[in-house]
């Protein structure tokens, strides 16, 4: 969920775009008959999807108004089950399945990332047997059985978030036992840092923190600010507030951090000094979920965490002042530019399309930001246009626009200018890796408004996913979204199961019913794992040194820990019984 540094990124984008165009020409010569070649010369924006003779792509599903909500929800569930069965058949126990070559691969320390990340989705979809099988797998995971450095951020949002959510849904305390074991192993990233800002990795064999090599030791803004939701929820459940305190210490380091752009911080921070590195400001990759978690922590605290509220107000005001842009030709749309050395770059990551949902939450929870809802709506439409403007209906990893003063990044081709005039946006870096962020924002807008147009938007995206990404044993990303013949990348990250399918599935719950996850009772982490909001707050006087003196003010938690250590199985049974009633 992290992009590269912008200047390098732009050069790579242009290079890959050129390679993709060359690959497209070769593919067309090899696979298309003369009739299809003639069809392609017609209006490129109005052609229906073309099916290759080798069965690579699938016929589109019926339109939204041709199916009931139940039928659409079942279609999403069937797609999930298809990909889950492919993973189970070819890659069970590995982190991912390669859905084109039907081969396993480990990308997240070999703990079965797809299994863990899917736990709550399995539960939500009512796949009881599959959930129980996944539960038994989790119970047997040995966190120490990895030879790779463990990335704190990815481990927290995928593994920790999923385990906490599985507990909040099932009340099975085994998930908390596994979570505590895992999080305790991650803590050296925080405790070995003089500022409390975490290093990027931990070596589980040595128990030592490891600095990032590719950022010259700096920590990404998103990574240092995307553990606190999970750590706080773990403290609420266990009664041990050391996790919350360690996460809070990160924010305390921001009190003295100087920034020339109100509420916005550089995408890289030196964990040894707490000083920002460079002058690149973005709500996209490497920074995104830092801002997302400000409003979500405020919500999790039941509106008690005023520090996060104030930081979110500043962040939104800074975003409006320095990053938000209206594209040329389309005053009804908004996009989030990136700011490098004081210069606005009119490109936006699909990753940043979480922002409409964060802004909508802010408008509903923070009185001072109530007027941001209109901007959130326009920004969501801008993100959605990035999908429907391409030949596949899939969003590019990065998209661009023509700014009001006529600026663009890279060479503006005739085709892209035509797209900019029609849709306000054009693809820049053209790959799609099954990302869910636009779907995430669509989900939130539907939850608050119950406007069926958001269901239609979600269905259109699912239809494109079905048509172009459904492969042999799952769903694959594609290398170029702006061609009718995209090449599969043979990757199926676990967030497809955790986020993409879940957000689409929840869009089709009966609208006459109370939402399954009322947003004043549940908060979703950045990997779409729902966490329960409870009336449990941290102690008013935090530990002076939460690292040296981990503590719980709950006597029950201390006694519980001792019993658990000495009585084992009996206590686990009592825990499961107890948590059925809280």
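In case you wondered, yes, glycine gets a Cβ from its N, Cα and C as well.
Annotated in TrEMBL:
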type: ACT_SITE; residues: 154; note: active site, proton donor
type: ACT_SITE; residues: 288; note: active site
type: ACT_SITE; residues: 397; note: active site, proton donor
type: ACT_SITE; residues: 437; note: active site
type: BINDING; residues: 526; note: Ca(2+) binding site
type: DISULFID; residues: 353-383; note: disulfide bond
type: SIGNAL; residues: 1-20; note: signal peptide
TODO: Could you check which of the recorded positions (353, 397, 437, 526) sits closest to residue 154 (active site, proton donor), going Cα to Cα?
DONE: 526
Open item on the list: Are there any residues at least 6 positions away along the chain from residue 353 (disulfide bond) with a Cβ closer than 8 Å to its Cβ? List them or say none.
Closed with: 380, 383, 386, 395, 437, 438, 440, 441
Open item on the list: Can you tell me how many other Cβ atoms are located within 10 Å of the Cβ belonging to residue 288 (active site)?
Closed with: 30
Task: residue 288 (active site) versus residue 397 (active site, proton donor) - Cα distance in angstrom - done: 14
Task: Integer Å distance between the CA atoms belonging to the residue listed as 'Ca(2+) binding site' and residue 288 (active site) - done: 10
Task: For the active-site residues 154, 397, 437, the one whose C-beta sees the most other C-beta atoms within 10 angstroms - done: 437
Open item on the list: Under DSSP, is the residue listed as 'Ca(2+) binding site' part of a helix or a strand, or is it coil?
Closed with: coil
